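Okay, so here's the structure we're looking at.
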């Protein structure tokens, strides 16, 4: 048997294809017409276009490989038994197998080259002397998490890919690593065959979908799976090649396992011939034991292909990631008083995730300064959001916040603690609504609503309420056109279903909430005939791969984490708080009254280990329920409050309140003793938060630290690793690790679900 192998980028050279262009003039003319330039001049004339530029390299190699193949078949009168290609060369292998003709293949390659040629800021390097497992271990050990394995060229030649700066860091690491014979940076502009090609892949996927492919006449070995292409997954597999590892070693081992196999390199150079020679010397063949049940084996093989496509980047909704320019379907929620800091938001954005700056409890100036800082750090297309917490008592503060967000062109808002849609949210949506060229209504000001109740979800899944539109029209705050367009779209682009979580919580259970909310979403989309899907995310309790996997299996289009981010370097809270959080376990939280909604009895989940806050906060709420005023408390209780809880007199507290609260509130307190008591008790909640954030030594036991069990689970997960110490925890690295290990876990669980019933079915062995 014989396999024809086709080289990829790196094999190009000036002068290649000489003689072939004249021999196949009709195809050369066809190529010139498709490309818009002379393919012969590109390949043979030094003063013409640069054949080493990706945009030109790929079409040039494809054409030369294709013409070389036609000449080989004419000369030998024989077609191959198998075909394979390295990266770009795979298109020639598919052409040889009859999947498409010369013209179609060239159009695909032209588009691929254009997309990859636009990628900048990336780098690649070959590591000689280490196995893939050893290379991966070195990357993990030195926290080079932004680097991927791009090519497995031979057992001892591994190509890595990632941001150029990260590749430069890796050079120093590998050159000082035992057994590394050579670290060779490649002359490329992009991080090819890595997660950083995901956006280009999505565009290519849409492009390739318009083409029709014919049945394969011979098996073509896929770079992605190191196994033959499946006809019904041909387009998907070809697209996946762009951001996945080229498994060349295992591809050749698979072919070696077919029996006596001859390899012939078709195209310029002998790069693949050299790689195959080394693989034969350094590795053994792979084979499959004959299958007992072809139907079952085919099903299992298909499942394996599906599983192999599970990566950190593939989890969640592709449309969601595309809309927000994300690599990962991973968000980090806003945390009170800027604990979800500008540093946190920037770090996540640069890593292909999205964070929300926590505005609760901050002044407008503090929020605006943070927005300017974030915008100054991030470039176009890097996503960030601002958290907007509903203020039931002071809606005017929401008005001012929306004015600020609109003024600073903040286009993504996380709406938290809203019990329904409000006029300020309607106004925010109105100022970004328009029709695109296709006539679809789109909104540049996006809302992601965090919800935990179906009735709240329904209000955000519905168009803006008519009474609010009329009110805003009457106040000249929106236009007639804006009102008309708002009637066509939901109030929220996406909703995030929040199960039991740190901070404000309804104590919901994800297993019950997610199915109910996704069904409601489907019902509302049908009711209002929305054209664009509303995505449903999951939050609350997510701190381990198991929890994240459960969320995605329940249908989450994205996940949102909270508590685990509070115990990181980027969190804007005190080291003392982080020290306490690092020690907590899943049972170390409790529920306490929410300071901002004290009178209603709303709850927040807080840390209880090492502090008295939850017990003291609950005591205050108990007193508020039992008594009508501070004066009704006995002397002993008053003394306890002043000495143990407040560390100051009731009189001093009230003076402080009078300085900071609106005059209307103080006037009401003077007339209503119950309201005055509520203001005094609520002072303790602000006080306890400030103690924690500042790390005050004055009264550590009064620290109010919003937190859920997810952090306890996270602590157990990373116990014994570098991440056990919070000083080694960075939000971006945590996010990537969580998503990566979730993908691995999901892959393993899928494998176990589809494990063959016969030991001889589809088992890879060495021979």
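Placed from the backbone N, Cα and C atoms, the Cβ positions cover glycine too.
Here is what Swiss-Prot says about this protein:
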REGION    1-312  region 'Acyl transferase'
ACT_SITE  87  active site
ACT_SITE  193  active site
*Near residue 87 (active site), which residues of its chain come within a Cβ-Cβ distance under 8 Å, counting only those 6 or more away in sequence?*
8, 9, 151, 192, 193, 223, 241, 246
*10 Å Cβ neighbour count around residue 193 (active site)?*
25
_Mean of the pLDDT scores, which run from 0 to 100, over the region 'Acyl transferase' (1-312)_ = 88
